[in-house]
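Asker: If you look up TrEMBL, you'll see 1-23 marked as signal peptide. Marked as region 'Disordered' by TrEMBL: 36-61. Annotation source TrEMBL lists domain 'Peptidase A1' at 134-471. Positions annotated as active site by TrEMBL: D152, D356.
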Amino acid sequence: MEAKPKHSFLFSLFTIFLSLSTASTSFQTQTLTLHSLPNPPTLSQPEPESTEPDPDSSTTLSLDLHHIDALSFNETPHQLFNLRLQRDAARVLSFSSIISKATSQNKTKPTGSFPGSGFSSSVTSGLSQGSGEYFTRLGVGTPPKYIYMVLDTGSDVVWLQCKPCRRCYSQSDPIFDPALSTSFAGIPCGSPLCRRLDSPGCNQKKVCQYQVSYGDGSFTFGDFSNETLTFRRTGVARVAIGCGHDNEGLFVGAAGLLGLGRGSLSFPSQTGTRFNKKFSYCLVDRSSSTKPSSMVFGESAVSRTARFTPLIKNPKLDTFYYVELLGISVGGTAVRGISASLFRLDQTGNGGVIIDSGTSVTRLTRPAYVALRDAFRVGATRLKRAPEFSLFDTCYDLSGLSEVKVPTVVFHFRGADVSFPAANYLIPVDNSGSFCFAFAGTMSGLSIIGNIQQQGFRVVYDLAGSQVGFSPRGC
């Protein structure tokens, strides 16, 4: 029997070696430059405030955004981070509660009544302890009185605290007095705007009444009214707002909330003819940049480099921005065990994936999270592991290092692949070099793309085109 040529054996060895080396080099990584927890932000000096809004019909607005931590005083970076995680957990829990109520078969109205009134409780929203993570400064009324308002994609109604106060929480500016505004006008009980509220009420003067309740028991109640809002010098007339005379709960510093959801009473929906139902924001990573975060309304909000994915509708709930997530890649390879079926929004209104500005940490339904986490751990075996921290179960001790290589993470939305910078998913949790994988699992069917993962992208909400876009390096 003829012996196999020696060179044939060597060629086989070489082929195996080549395939192994190709497999190892094709695994995609990127460099993470290490930073500590950011110092508490400070509020920059507000721009000179106009006493007369510009009545022009400008079709673009742009605003600076500030992180809610700027309204917390005497807190260390570590304390602020822990408070952020506490707010996050409360928000996610109450989002689940909203969806549970919206999708329940018994669509009965709650029996609780408004303070001092005879009608039932309205929508429950998940915006506890400050109602969101970012706020801006704007003017209310004519002449405008300037206040801080939280901006939130997870709710619709625009509201602020108003005199006279039955109960008001502490805010950083004087409370708005509608009696001093020439543009303030109550909305009549029978008007179409009033009927858009979930459970509108009516006072003795036949003025529409609203209430928004929050997941932690906080609420705001008062008159539903038309008023002028001023952004820098641009006035926006006849915005339907809640003028809250009874406001209770864990609100922090800001005077109220600018709802940016998909519902018909949100600011983008109300101003659709002027700003074409388009807005975008870019949230800055405060640990590596001193630039302000920003928000734009109108055609200028749409970045030319944005990759768009279609919005889909939840038949039971119109507030949230649902998108289709088809899969996730780590290190350039699709994660096994993650498919579109794990993120599907079903006909009963359960499941699905939403984009949210007020949730910090991205939550994925538990099976998807475990598969993603395990794939990341395999790709990051060279990093020294550290103990778990809070909701994070995958942490690393990177003390003494200035940069590390980490596996790439890409989310595959329908029509748009979004590749996250390393700083958007391996984040500092203390000032001792501990970094954690910034995703978490949830037993709820709802997955949420949070603002840590959105940092550095211009996120474009195009309600007119029913799509959301992501533009990298958009700040």
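Positions of Cβ are set from backbone N, Cα and C atoms, glycine also.
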Asker: In Å, rounded, how far does the Cα of D356 (active site) sit from the Cα of D152 (active site)?
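Answerer: Spelling it out, the Cα of D356 (active site) and the Cα of D152 (active site) are 8 Å apart.
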Asker: Across all the protein chains here, work out how many other Cβ atoms are within 10 Å of the Cβ of D356 (active site).
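Answerer: A count of 25.
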Asker: Around the C-beta of D152 (active site), how many further C-beta atoms are within 10 angstroms, looking at every protein chain?
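Answerer: Within a 10 Å radius of the Cβ of D152 (active site) lie 26 other Cβ atoms.
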